[in-house]
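First up is the structure itself, then whatever we jot down about it.
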Amino acid sequence: MIRVLGIETSCDETAASVVALDGASAPEILSNIVLSQIEEHAAFGGVVPEIAARAHVEALDGIVEAALADSSVSLDEVDAIAATAGPGLVGGLIVGLMTAKAIAAAANKPLIAINHLEGHALTARLTDGLDFPYLLLLVSGGHTQIVAVRGVGDYQRWATTIDDALGEAFDKTAKMLGLPYPGGPNVEKAAASGDANRFAFPRPMKGSAQPDFSFSGLKTAVRQAATAIAPLSDQDVADICASFQAAVADALDDRVGRALARFRQEFPRQAKPALVVAGGVAANRTIKATLEALCSQAGFAFVAPPQKLCTDNAAMIAWAGIERLRAGIADENAADFVPRSRWPLDSVSAPLVGSGRRGAKA
Ligand code: KG4
Ligand code: ZN
């Protein structure tokens, strides 16, 4: 039996969780507490790093206590503490990692420093028991990546954004149209009563041999369309949102379709390959339906973990700790680990200019 306490503070969620793995049976999330700071940042239209760091300081001790109480596991019974050590907003990372170091030292437990992206990458093994290798599409406010997940600690980034992250594009579009923060859910809601064919927005990178994403040109096209017909009626806003969402879905269809084909080529023996989605944007029903159809056409399983585990949480961090312990690759001596605001999952792929890290939100 392995039990790990996970801590996540890399952006605007303060989270703690206890996850257990008992032999060959399925892992169990014993507690999963997430405190969102959305309301504290809403007035500013985005995450303010200083506010986030301060809110983490105030909340984290109570959240850890609540996670332990909820799990009915005492600190003594925990095998290790796993904490997000990057990438993300450095203030929040410091709060989480320092707290984890203090708890680990006081309780005489090993500390495991976890890459937040690895948490997202391994979630489908916690929820669906997926075997390696599989393909991950991570679409959040700070990241837009396609990653080949080949094993614990063995990741290869196949695509990233060369400008804005997809969630960021949703948030900026919402802001331009006067919709509240966070933009994604509000754009989706408005789009429901809109005409997706009214505006012919560009499908960025569609057909390009370069595998990456780009969303800033689409954002500019939205701004130009909105300016041209201002003042906007509710119907105009709905039509722009629907047309924007259609353009995004179409662009994803092309980019992800390309990655599925590459996966088939690189892993020809995988009879039923899988595409996993993670990140807040994965909640979008139009995008989900597009990816589902694409996967069914390409013979891929489409795996969408419950939304609570797709967005930022600490269960994925605790689970990554368990995976590393089990694989014997946990750096259990992380007492000297310094938080890394930039920390690519894959040290092999060349970094791209402006790879969609707003602040460094993942
Ligand atoms: O993963 P997440 O909760 O947080 C991080 O970025 O770390 O993702 C938040 C992002 C925001 O940009 C938000 O606007 C977007 O996900 N989002 C959506 C939807 N729900 C959240 N985008 C499109 N459609 C949605 N339904
Ligand atoms: Zn994240």
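Our numbering is plain: 1 for the first residue shown, then up by one each step along the chain.
Any Cβ shown, glycine's included, is placed from N, Cα and C.
Taken verbatim from TrEMBL:
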DOMAIN    28-319  domain 'Gcp-like'
BINDING   His116, His120, Asp312  Fe cation binding site
BINDING   Leu138, Val139, Ser140, Gly141, Gly142, Asp171, Gly184, Glu188, Asn284  substrate binding site
Binding-site residues near ligand 2 among Leu138, Ser140, Gly142, Gly184, Asn284 (Cβ under 6 Å): Ser140
Asn284 (substrate binding site) CB neighbourhood, other CB atoms within 10 A: 25
Where the C-beta lies under 6 angstroms from ligand 1, the matching binding-site residues among His116, His120, Leu138, Ser140, Gly142, Gly184: Ser140, Gly142, Gly184
Cα distance (Å, whole number) from His120 (Fe cation binding site) to Leu138 (substrate binding site): 8
Surrounding CB atoms that lie within 10 Å of the CB of Leu138 (substrate binding site), all protein chains: 26
For substrate: widest Cα to Cα gap among Leu138, Val139, Ser140, Gly141, Gly142, Asp171, Gly184, Glu188, Asn284 in Å: 19
Cα within 10 Å of His120 (Fe cation binding site) - qualifying binding-site residues among Gly142, Gly184, Asn284: none
Secondary structure of His120 (Fe cation binding site) (DSSP, helix/strand/coil): helix
Per DSSP, three-state class assigned to Leu138 (substrate binding site): strand
Mean predicted confidence [pLDDT] for the domain 'Gcp-like' (28-319): 96
Cα-to-Cα gap, Asn284 (substrate binding site) vs Asp312 (Fe cation binding site), nearest whole Å: 16
